[in-house]
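Comments concern the structure below.
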């Protein structure tokens with residue numbers, strides 16, 4: 001993997017991430033395709049309509065169903081899903097904790113029961129890499145010990161030491177495999193405790209292809225999250241991509257870009273779409289509300305997305321009320337277009353040294369109304 005830093009504007013960064021299946025301009029937002037697809041969308045929607053170059057899939061879910069060996073036998077995740085861009089896969093540790101009963105944390109890994117059939121499984125640092133090799137992920141995340149917030153200091157310290165140990169074991173294992181197209185990212189933990197974040201960075205070896213800031217958006221305040229990012233991002237190697245996991249709102253993303261983060265993922269645009277919330281530059285709207293029943297205008301004037309060029313708010317209101325499956329697709333296409341355009345415009349602003357004014361102007365309009 002090759003990462004080229006093209007421009008900076010204060011702490012904001014614009015770069016190019018060269019992966020085996022695509023070249024990705026950063027900052028980048030990665031749509032979340034947990035099961036190997038973005039809910040309600042297919043590869044043609046993602047590539048031909050949205051132009052997405054990098055999407056996220058979930059190791060835990062694909063391991064349990066259909067099984068990584070099935071995906072491997074069918075040509076890997078790209079051929080299986082017919083997505084010819086790149087895939088980042090997370091390690092599955094978070095899902096093992098959040099979806100399973102009777103999770104047991106051990107020094108060598110995580111023992112969990114499948115949420116599908118109750119069968120028992122062990123995720124170790126090597127095991128989750130083997131799964132991701134079978135999937136043929138472009139970017140693989142290491143297994144980590146995620147802690148919900150707030151958490152006692154002792155538990156945070158235990159988490160970062162275990163996460164760093166697992167990351168370093170993963171790096172050594174990966175070096176033996178000679179798989180240059182499968183890139184490995186470390187994950188920095190430590191909650192909102194700044195000394196713990198510094199310790200986590202210090203314990204994690206150099207030599208990873210990228211570094212993620214994990215363990216945020218799990219119960220802390222927005223101010224705590226931003227303070228943690230502001231502290232952690234400058235500690236990470238300047239020549240490697242920085243990934244903020246699971247974040248977030250348009251405001252969160254712009255704030256984090258301004259603090260030096262390059263990569264983002266979140267279910268928000270698609271989950272909100274399915275629940276009737278649509279993003280516009282003037283704030284969010286709830287398409288299920290009565291005023292849209294006779295509204296013959298698009299979700300947003302001047303929006304170039306597939307949905308806005310073809311359909312009215314009245315039609316989307318009708319589809320949502322009628323519980324039609326097509327609603328989820330049209331709404332998701334709009335919200336993902338909004339997010340992808342947001343980071344694209346942020347990138348252009350960084351290249352032109354006007355990021356702060358771009359952010360200020362965007363947020364002023366975005367907060368002007370929500371209805």
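Here, residue 1 is simply the first one shown, and the rest follow in order.
The backbone N, Cα and C atoms fix where each Cβ goes, and this holds for glycine too.
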Exercise. In Swiss-Prot, the residues 90, 91, 92, 93, 94, 144, 189 are said to bind substrate. Which of 118, 215, 219 is said to bind at that same site?
Worked result: 215
Problem set entry | Listed co-binder of Zn(2+) (same site as 303, 305, 308, source Swiss-Prot) among 281, 318, 334, 367 | 334
For this session: Tell me which range among 270-274, 275-279, 285-289, 290-294 Swiss-Prot lists as region 'RNA binding'.
Result: 270-274
Exercise. Any idea which of 239-245, 246-252, 253-259 is down as region 'RNA binding' in Swiss-Prot?
Worked result: 246-252
Exercise. Cα-Cα separation of residue 303 (Zn(2+) binding site) and residue 189 (substrate binding site), in Å?
Worked result: 38
For this session: Identify, in sequence order, the residues in the chain of residue 93 (substrate binding site) that are 6 or more apart from it along the sequence and have a CB within less than 8 Å of its CB; answer 'none' if there are none.
Result: 60, 110, 123, 128, 143, 144, 145, 146
Seminar exercise, completed: Residues lining the Zn(2+) site besides 303, 305, 308, 334 (CB within 8 A of their CB center) are 298, 299, 300, 304, 306, 307, 309, 333, 337, 338
Exercise. Taking only the recorded positions 90, 215, 265, which one has a CA atom nearest to the CA atom of residue 308 (Zn(2+) binding site)?
Worked result: 265
For this session: Measuring CA to CA, name the entry from the recorded positions 90, 265, 305, 334 that ends up nearest residue 189 (substrate binding site).
Result: 90
